[in-house]
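Novice: Next up is a structure, given as structure tokens.
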Amino acid sequence: MAFINSAAEDEVQFEGIKRRLRSSGITKEAVTSLGAGETLEDEFDIASTSDLASGGPVSIRSHGFVPIVVDGKITGYIPYKSNDLTVNVDGGKAAKVTKALSQLTRRTEVTDCKGDAESSLTTALSNAAKLANQAAEAAESGDESKFEEYFKTTDQQTRTTVAERLRAVAKEAGSTSGGSTTYHCSDPYGYCEPNVLAYTLPSKNEIANCDIYYSELPPLAQKCHAQDQATTTLHEFTHAPGVYQPGTEDLGYGYDAATQLSAQDALNNADSYALYANAIELKC
């Protein structure tokens, strides 16, 4: 995950999408093999996902976890942390860069939920509300050691913040006629690449499910730390700042990576909330 700060040390808003990936059944196009000593280079234009029109110096850094995939399943994670890179941005040129999500402003119609997808999402929203409320209660006054397992502290302020965010998720999931987000049963913008379960556009407070959300996930997991429709929906709601500010990031996917985070990062990690809600539900 990359973070950009202005000269005033304010974090520049990310205007791209945040995807949740499945943890098993991962197809080959999503995996890169590196031999000993090999490196991989990639390029991305930060002006396409952040408003840098004001120009001037900005600092860029990245940290998180790289998943290790064996036979299509995530089996572990390697942590990474970059150095801080300071660059001077030409605001005029940055303003002319085509935005990655510019087509969103031209949207005129979104297909409504229908049939099996509508039924599945309705159930997922109900389950997400239930799980979020249970987890909120546990965060506020439940087992300290269980909370610390996922959020790396028993500090009361952190417990209160986690509980407040989860209650906000429960409220949003429980409202299908109002609320702060738009939830799409399908992919209106074309960002459901292979292995993507769902995604959120935080700058628009929009969430969309992908086909494998319905075909690969059960409504509720019967196994600790497994993915399901309810916790995927919960995960996505935490990304949306319209539900609770600030929206969460994707700093560690899955139990192994999420439980290696610092307390500060765990508080801002979407999967930490999904995993904790699953653990409370199944008494993990």
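Every residue, even glycine, has its Cβ placed from backbone N, Cα and C.
Okay, these came from Swiss-Prot:
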- CYS113-CYS185: disulfide bond (DISULFID)
- CYS192-CYS210: disulfide bond (DISULFID)
- HIS235, HIS239, ASP250: Zn(2+) binding site (BINDING)
- GLU236: active site (ACT_SITE)
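Could you place these features in context, so I can see how deep they sit and what lies close by?
Specialist: Around CYS210 (disulfide bond), the C-beta neighbours below 8 angstroms that are at least 6 residues distant in the chain are ASP187, CYS192, VAL196, LEU197, ALA198, TYR199.
DSSP classifies HIS239 (Zn(2+) binding site) as helix under the three-state reduction. Cβ contacts within 10 Å of HIS239 (Zn(2+) binding site), excluding its own Cβ and spanning all protein chains shown: 26.
Around the Cβ of GLU236 (active site), the same chain contributes ARG20, ALA198, TYR199, THR200, ILE207, ALA270, each under 8 angstroms and 6 or more positions distant in sequence.
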Novice: Return only the integer: C-alpha distance in Å from HIS239 (Zn(2+) binding site) to CYS113 (disulfide bond).
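Specialist: Here the two Cα atoms are 22 Å apart.
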Novice: What's the CA-CA gap between HIS235 (Zn(2+) binding site) and CYS185 (disulfide bond) in angstrom, rounded?
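Specialist: Here the two Cα atoms lie 16 Å apart.
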